[in-house]
Amino acid sequence: METQFLVSGRNSNIHCRIDSISSSSLTPKSSPVSTSTPTLVVFPPFKLVSKSLRTRSKPRLTVCFVLEEKELRGKLVVASDDDDGAGEVRKQREKEISASAEKLAQKLARKKSERFTYLVAAVMSSFGITSMAVLSVYYRFSWQMEGGEIPLSEMFGTFALSVGAAVGMEFWARWAHEALWHASLWHMHESHHKPREGPFELNDIFAIINAVPAIALLSYGFFHKGLIPGLCFGAGLGITVFGMAYMFVHDGLVHKRFPVGPIADVPYFRRVAAAHTLHHSDKFNGVPYGLFLGPKELEEVGGLQVLEMEINRRTKNNQS
């Protein structure tokens, strides 16, 4: 029986042929067995392998090295470009910061000058109006008592109407603020709701408008005797007192147009200032329109919680 195997590899072939004894032969006899020595060559010789490896690895290593070098050079070029770009961005940012700082310094200097100008105007007007009011009250009653009679009814009417006029001005200002200033006179009042440029604004003309009837009432009451002139004198005095209080609380405390000193430490005035700040925020459709009774207006529309939050915010800002 003859069996033949053929195994083919990548680089070699294996041939094996076996001649065995026939199964019919019972007696032992020597018969030539012809076997061919199998040849197994799985890999090529070591020298060839090492030679092929060397020839293959050298170009590959060289190519990798060249690619890495090119890649490194590219990264260096990109990094250099990034450094140049970062330097330009840094210079541009420094210029912007310097320009912003210069603008801020100019703005602070302008604000300081405006506050000083308004402070001088407020002090002079307050001192002048207060001194004139005190002197006019003194001389008016001293002249009336020259005959030895004390006009009690006239004096009582004067002081009563002074208080009444001051309180009434709050309600007048509240109505006028909503019905006139935020309506037909908005073109003048609008300057008060925009950032102010300069120490004064167009809205300040309303102070002059309110001063005209006060001066007229004071003049008539000062130069005439009797109950009616005394009442007119008191009304003018009340309007004047309200105007001075309005200037210190509204212009000084709320809008910080000049320092007000210990007025800022009065708890109720802090509530008034916070309430008027909410008027400028339009959170309650402009409410409150009044000044000294502003917290009461907010209570009527359910804004007490927001008012307390605004008071706390202003307190933190003042402390910082």
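Glycine is treated like the rest: Cβ placed from N, Cα and C.
The annotation domain 'Fatty acid hydroxylase' is assigned in Swiss-Prot to 165-292. The DSSP breakdown of the domain 'Fatty acid hydroxylase' (165-292) into helical (H, G, I), extended (E, B) and coil residues amounts to 98 helix, 0 strand, 30 coil.
Annotation source Swiss-Prot lists motif 'Histidine box-1' at 177-182.
Long-range contacts of the motif 'Histidine box-2' (189-193) within its own chain (CB-CB distance under 8 A, at least 6 residues past either end) are made by residues 181-182, 201-203, 206, 280. What Swiss-Prot lists as motif 'Histidine box-2' is 189-193.
Per Swiss-Prot, motif 'Histidine box-3' is recorded for 250-255. If you look at the motif 'Histidine box-3' (250-255), the same-chain residues 6 or more away from its ends with a CB under 8 A from one of its CBs are 118, 122, 263-264, 269, 272-273, 276-277, 291.
For the motif 'Histidine box-4' (276-280), the model gives a mean pLDDT of 95. Among the features that Swiss-Prot reports, motif 'Histidine box-4' is placed at 276-280.
Swiss-Prot lists 1-78 with the feature transit peptide.
Here Swiss-Prot flags 118-138 (among others) as transmembrane segment, drawing on sequence analysis.
Per Swiss-Prot, the feature transmembrane segment maps to 152-172 (among others).
Per Swiss-Prot, the feature transmembrane segment maps to 204-224 (among others); the stated evidence is sequence analysis.
What Swiss-Prot records for 228-248 (among others) is transmembrane segment. The list of residues near the transmembrane segment (228-248) in space but at least 6 beyond its ends in sequence, with Cβ under 8 angstroms from a Cβ of it, reads 122, 125-126, 129-130, 133, 136-137, 140, 151, 154-155, 157-170, 173, 207, 210-211, 213-222, 260, 263, 291-292.
Taking Cβ pairs closer than 8 Å, the motif 'Histidine box-1' (177-182) reaches residues 188-189, 206, 286, 289-290 in its own chain, all 6 or more past its ends.
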